[in-house]
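Features of the protein shown, as given by TrEMBL:
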| type | residues | note |
| --- | --- | --- |
| TRANSMEM | A:23-41 | transmembrane segment |
| TRANSMEM | A:61-82 | transmembrane segment |
| TRANSMEM | A:89-107 | transmembrane segment |
| TRANSMEM | A:127-151 | transmembrane segment |
| TRANSMEM | A:213-229 | transmembrane segment |
| TRANSMEM | A:263-280 | transmembrane segment |
| TRANSMEM | A:292-325 | transmembrane segment |
| TRANSMEM | A:337-356 | transmembrane segment |
Amino acid sequence: MSQILDAYRGLRLGDRWDGAPTVVRWAVMLLVIAFAFYLPYLNILPFAYIRTDLTSSGSDWASVLFLVVVYMIVAVGLNVVIGLAGLLDLGYVGFYALGAYSIALFGSTNSPVVQAMQSKFGLSEEWAVPFAVCIPIAITMSLIAGVFLGAPTLRLRGDYLAIVTLGFGEIIRITARNLDNVTNGAAGITQVPVPPGPEIDGRAFFNTIDAERWYWLALTILILIIWLARRLEHSRVGRAWLAIREDEDAASVMGVAGFKFKLWAFAIGATLGGLAGLLFGSKQQYVEPNAFMVNLSFLFVAMVVIGGSGNIFGALLGAFLLTYLPERFREFVDWRPFAFGVALVLVMILRPQGLVPSRRRAREFEDRRHEAEEAAADA
Amino acid sequence: MPDLTTPSSANSDEAVGLEDTSDHDLIEIETSGAVGETLLEVDHVTLRFGGVVALNDVNFEIRRGEILGLIGPNGAGKTTCFNAMTGVYTPTEGKIRFKGKEIAGTKPHKINHLGIARTFQNIRLFPEMSALENVMVGCDARHKSSVVGVLFRSYRVRPTEAELPESGIRRSLAKVFGVSRHTLEERAGRRRSMELLRFVGIADRAHELARNLPYGYQRRLEIARALATEPELICLDEPAAGFNPAEKEDLMGLIRRIRDLGHTVLVIEHDMKLVLGVTDRIVVLEFGSKIAEGTPEEVARNPKVIAAYLGEPDDAA
Ligand SMILES: Nc1ncnc2c1ncn2[C@@H]1O[C@H](COP(=O)(O)OP(=O)(O)OP(=O)(O)O)[C@@H](O)[C@H]1O
Ligand SMILES: [Mg+2]
């Protein structure tokens with residue numbers, strides 16, 4: 001086993017990537033993105049074997065791709081909180097639920113909130129808050145929830161934070177289930193709005209049949225988010241998070257405002273969780289409390305940890321594996337918890353730092369080699 | 001006299017780079033007062049941990065531009081004194097004033113921003129970050145980019161001629177749209193960090209993880225990281241602990257050069273000979289109380305100090 005791992009290390013993909021000229025890197029990046037957009041139509045053998053709809057009982061391929069990307073957004077957000085800032089958040093599903101419920105509560109004609117607004121302001125029964133307005137509402141709600149949860153709890157350390165966030169996730173779900181006259185309770189909210197778009201073949205652009213459009217939308221958002229997250233990672237903000245994770249007391253003596261940066265990590269994580277929830281709720285066109293059980297939180301944490309805490313691409317890989325594999329191998333559905341447990345234990349034993357550990361550790365800034373040479377020359 | 005916290009065998013085979021570090025491009029820091037005036041005042045500070053009196057009515061001052069030695073046997077309260085000055089502990093009684101401003105009870109990061117930095121007796125680097133990144137965290141203390149500014153590069157500044165990129169398109173773009181403050185700070189921070197690593201003599205391993213560095217490098221890295229925050233007062237807690245005599249001598253030279261850059265230095269050191277050689281004044285603590293203060297000659301002659309040091313059977317250093 002260790003030989004395999006060594007061989008894997010020998011590939012040194014990260015170093016090669018950094019050593020490649022800018023043109024090559026851009027070309028590779030564009031190719032990967034183009035391929036990702038093409039994935040729903042993938043039909044060339046043998047690659048088509050990765051599709052999940054090869055048997056009649058399989059899941060719709062594009063829908064699986066969509067879910068993978070939504071969970072990737074979740075993983076990028078949670079990676080900021082857990083991987084970079086080192087804050088164990090076990091209630092991430094709470095933000096995911098908040099995002100989904102925000103758009104349902106304000107955008108659906110089926111929502112008691114919208115119905116109350118209709119009767120209060122004498123609006124027609126068709127009226128609901130427009131989709132474009134629902135987005136900032138959902139983002140603001142998750143952000144505010146993140147700040148409100150973080151402000152008192154981020155002064156706690158380690159285990160306490162995990163327990164409080166775990167409670168938060170459950171509180172959101174239970175509230176959604178019990179507030180019958182706001183959220184329709186366990187019945188959930190139907191007619192969650194979809195993004196506007198031109199009608200094609202008499203159907204709305206974003207509908208329940210053409211899942212690939214949802215996938216493309218989510219993928220575009222994901223790419224934007226990765227781009228922004230990397231900016232943060234390679235800045236004083238990312239360094240502050242790492243410093244806090246490594247030694248909070250030493251960091252604060254070095255001038256790092258610990259609480260401020262932890263709260264930012266939390267707020268950014270919450271926002272991304274909310275955004276992912278919004279996409280999920282909108283695509284389903286239906287939200288209900290049972291979609292946001294606590295085990296989803298654990299799945300999210302597992303994605304980040306298995307993939308490689310602190311590394312965006314590790315988190316993406318974790319999200320992909322834990323979403324895609326169960327769908328691809330649906331025949332073995334009974335074995336799912338077992339396989340999941342074994343995989344987790346194996347990763348923890350063989351690669352405790354995750355499948356793709358943070359490359360920051362080996363790799364440095366773009367001009368690493370240049371600087372090293374310079375230093376050697378001066379020494 | 002106290003034993004050295006780290007067995008000397010641990011580092012004897014990992015000789016610290018003894019290259020000359022006096023050649024550097026660091027410029028003197030800006031200071032806001034005249035040499036010799038009071039910079040920090042420890043005003044009758046008492047600090048208790050339950051029943052333990054770690055500091056008992058300690059009273060001294062640090063003058064701008066000097067190298068002040070803080071010495072005393074094990075458990076005398078030297079590190080506790082540092083902790084009180086850098087906001088880690090709040091004194092039970094008494095006041096600490098920095099540039100005339102009361103700082104006891106202020107958060108550590110705010111005290112750092114006011115201009116006090118320190119190193120730790122038991123090294124506390126960010127082990128999973130490279131040496132360069134460790135120092136950059138220090139530089140960041142002086143940077144202003146916000147999270148929003150980093151995300152959207154929204155805060156733009158007009159670059160000076162030297163900051164403009166060389167190549168054509170980028171240069172014109174920078175001229176028209178300015179450059180984001182974040183980009184400039186990042187660039188300046190990296191350059192300064194590299195310069196600081198060179199200054200303390202460990203630039204050859206700038207890109208290695210802090211935890212993989214040899215012991216002597218780690219000690220120096222702590223100093224570089226503290227210097228990066230541009231402190232007016234830098235407090236070094238046993239920076240030469242575990243060093244062999246040659247390395248110690250080398251470090252004392254570094255301390256002098258730090259002072260020459262405009263920093264005021266407070267240093268804890270057990271080796272009497274070294275302290276006498278490098279410091280301008282010395283404060284002696286024993287059992288939490290100040291027992292002597294003065295120039296190295298005065299302190300070395302002080303019977304109380306001699307008693308305190310000779311009274312300890314394991315006084316070998
Ligand atoms: N957090 C704490 N809680 C309780 N007692 C403490 C604490 N920190 C320090 N002390 C006690 O305060 C006294 C002074 O300790 P301090 O670490 O300041 O000594 P020191 O002069 O730095 O000694 P050394 O030469 O060993 O570094 C000791 O008796 C120590 O046990
Ligand atoms: Mg000490």
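Positions of Cβ are set from backbone N, Cα and C atoms, glycine also.
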Subject >> Surrounding residues of the transmembrane segment (A:23-41) on its own chain - C-beta under 8 Å, 6+ positions past either end >> reply: 17, 61-62, 65, 211-212, 215-216, 219, 223
**OP:** Please indicate, using numbers and ranges, the residues of the same chain that are 6 or more beyond the transmembrane segment (A:127-151) and have a C-beta under 8 Å from a C-beta there.
**Re:** 91, 94-95, 98-99, 102-103, 106-109, 111, 114, 117-118, 164-165, 168, 193-196, 262-263, 266-271, 273-275, 277-278, 282
Original post:
Looking at the stretches A:61-82, A:263-280, A:292-325, which one shares the most CB pairs under 8 Å with the transmembrane segment (A:89-107)?
Top reply: A:263-280
Subject >> Contact set, same chain, for the transmembrane segment (A:263-280): CB under 8 Å, 6 or more residues outside the stretch >> reply: 67, 70-71, 73-74, 76-78, 80-81, 84-85, 87, 89, 92-103, 134-135, 138-139, 141-143, 145-147, 149-151, 154, 214, 217-218, 221, 225, 232, 237, 241, 291
